[in-house]
Amino acid sequence: MMKILIATKNKGKVKEFQAMFESLGVEILSLADIEGSPDVEETGTTFEENAVLKAETISKEMNIPVIADDSGLEIDALNGKPGVYSARYAGIHKSDEDNMEKVLNELKEVKDSERSARFICALAFARPNEKTIVVKGECEGKILREKRGHQGFGYDPIFFVPHLGLSMAELSKAEKNSISHRAVALQRLNNLIDEEDMLWQKP
Ligand SMILES: O=P(O)(O)OP(=O)(O)OP(=O)(O)OC[C@H]1O[C@@H](n2cnc3c(O)ncnc32)[C@H](O)[C@@H]1O
Ligand SMILES: [Mg+2]
């Protein structure tokens, strides 16, 4: 079975990639499996830049193919914030809970009709001596007034998916992985790789 390293330390992302890659016959490793792996500083101003930075740094260092995910939440009433700062919105050492609380507080006075938001996921696939591929996926929704559900990770409990009538944290793993920003991006990456005739699974 082919193995791919996902350059992330986020356990929520790793679980979702493992589930989504299962059907492609690819085994997923993450930076959590590699002792002493470096923290790549996310200095980019876009999701794509940060994904490329993370993937290329680790791919060069280890000389293997690497996928990196840079993702986050864009809220229209906050002019796109927290955006690329989603992981550290409430501060560097703050938790998902703190981040959600900050968002809920900032949106206290915002009407239901103006609470539109989207999750964004940029994936970069970096390989030694090849051009890096970057794709982006989105998932549209609205910010709730309080947390709902216990599945998923990050901002999922405050993100409402209108066409399903549930929060992202109320969806089963399979449901989230069929509609999420990460699923859309991975599908796009898979299509590009098929076009390049470079299938995940080598014969
Ligand atoms: O950089 P790595 O090591 O991959 O891990 P990270 O957690 O720092 O990941 P990002 O820099 O991409 O920041 C993503 C932020 O957006 C949140 N996020 C990303 N995908 C999400 C999802 O599917 N559901 C809820 N929140 C998500 C996540 O909780 C983080 O706060
Ligand atoms: Mg990060």
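Keep in mind that glycine also has a Cβ here, set from the backbone N, Cα and C atoms.
Now, the feature entries from TrEMBL:
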ACT_SITE  ASP70  active site, proton acceptor
BINDING   THR8, LYS9, ASN10, LYS11, GLY12, LYS13, SER71, PHE153, GLY154, TYR155, ASP156, LYS176, HIS181, ARG182  substrate binding site
BINDING   GLU41, ASP70  Mg(2+) binding site
Which of GLU41, ASP70, ASP156, the listed recorded positions, has fewest other Cβ atoms within 10 Å: GLU41
Rounded Cα separation (Å) that holds between ASP156 (substrate binding site) and the residue listed as 'active site, proton acceptor': 16
For HIS181 (substrate binding site), the three-state class that DSSP assigns: helix
Binding-site residues compared (GLY12, GLY154) - the one with the fewest other Cβ atoms within 10 Å: GLY12
Neighbour-count leader, CB within 10 A, binding-site residues: THR8, ASN10, SER71: SER71
Whole-number Å value for how far ASP70 (active site, proton acceptor) lies from HIS181 (substrate binding site) (Cα to Cα): 11
